[in-house]
């Protein structure tokens, strides 16, 4: 069966089982450096602050736990400096706050949003995750959208090796070009730093004799700088988004790459991911070949990434990859997922060419737990590699639960599922089964947006989702109402129908026998 293709690496948080949080009284909100918000006080608090930063987190999230002390420290520094910036947090895993989670598009943890003008202007946070970096980033967000550069020293300090930087060069700070530059700077300031100058000679790269107006984009990758003279607002935004994105994204521990990774995994293009040890003697050859592949296949709607296996634990766990297969090239596309393990640098381009031209001849990769050697419990264990045998091709009526080990509702339902399985274990035409959706690819026949998700596949081939009460009585009733004929019964009926039809045809076509004596 085809599998769901996950093009966003940010894992969706599915069903909350946390206890309800206690609301924060508005008079008590200023006693802590980081304000605690929930559905009860969120709108009131956000509305009265011109600049508030909100962290959406989950109590169990490791990255949230790492960020928490840095976020608290940053809040304390900002308060002591009397900057008009407030830091707050929301437990987005709490069911009470689900509406806030959905409203602000929280699909991974932590997610940080900058809310200005009482919440009317909401933007993503694109800055560092340590206290000093958070403070400096937010200071820039409070100040002017673009800063004026007046010396080579200022330019060197602001531009060199500072990520993606935009500098507008203008003969005078007026006119349509300058105004549009400032509008775009205000709109995109959360993700990029903007500067302007009237003297291109102070800039560290590019033609220093230009008078402008031009926009020069500096970046620490690819061609290092790019110029544009198109000051239409839409054109300027597109120039920044395209030129400011690496030809090959790097997956490593560098926090400046986080925003590139988020965009990489959220775009609908196919993904080609090369994972290798950055300590490998051949690393420069691998980098050269993946960049050459990105140039060669730029028109094939493929986004490219190179990752250090030392920092890729989450990726490997999520996609079910093995470190023993490194160096590996992994492709995710609408047609499936494809893996080329233990490869050499000079195999990258030929294999990608084969994928593009002959992908139908490549065996798709499916993430699956091992098939259980023993599967004799009342609740059968289904994995990606045996779902066809147990569910689709068994000829039986199968109730299948998709669950996650961390899901509290799933743990409660496990007892009920066991009760159902024991009650029906003498019925040879019914199978009660479960599948861990976090470590197995789920066929596209199923829509799993939360855990637990329950489906029923009848012996006659009907697939139904179960949305009723999670009680043994209700589910058993649902199974009996929707079950198909017993295994072999349909075939027997078919065979008898065919025999009857043949007999009828023979009888009707035989000429009457005349008795002559």
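Yeah, the Cβs are placed from backbone N, Cα and C, and that goes for glycine too.
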Annotated range (Swiss-Prot: motif 'Prevents secretion from ER') out of 510-513, 514-517: 514-517
Candidate set 301, 361, residue annotated N-linked glycosylation site in Swiss-Prot: 301
Lowest local Cβ density among 62, 408, which the record lists as recorded sites, within 10 Å: 62
Using Cα positions only, nearest of the recorded positions to residue 129 (site 'Lowers pKa of C-terminal Cys of first active site') (41, 62, 64, 409): 64
Number of other Cβ atoms within 10 Å of the Cβ of residue 409 (site 'Contributes to redox potential value') across all protein chains: 17
Residue 470 (site 'Lowers pKa of C-terminal Cys of second active site') versus disulfide-bonded residues 64, 407, 410 - nearest by Cα: 410
From recorded positions 41, 61, 63, 64, 301, the one whose Cα lies nearest residue 408 (site 'Contributes to redox potential value'): 61
Minimum Cα separation from residue 61 (disulfide bond), reported as the residue among recorded positions 41, 301, 410 that achieves it: 410
Same chain, 6+ residues apart, C-beta under 8 Å of the C-beta of residue 301 (N-linked glycosylation site), given in sequence order: 269, 270
For residue 410 (disulfide bond), nearby residues of its own chain (Cβ under 8 Å, 6 or more apart in sequence): 401, 403, 404, 451, 452
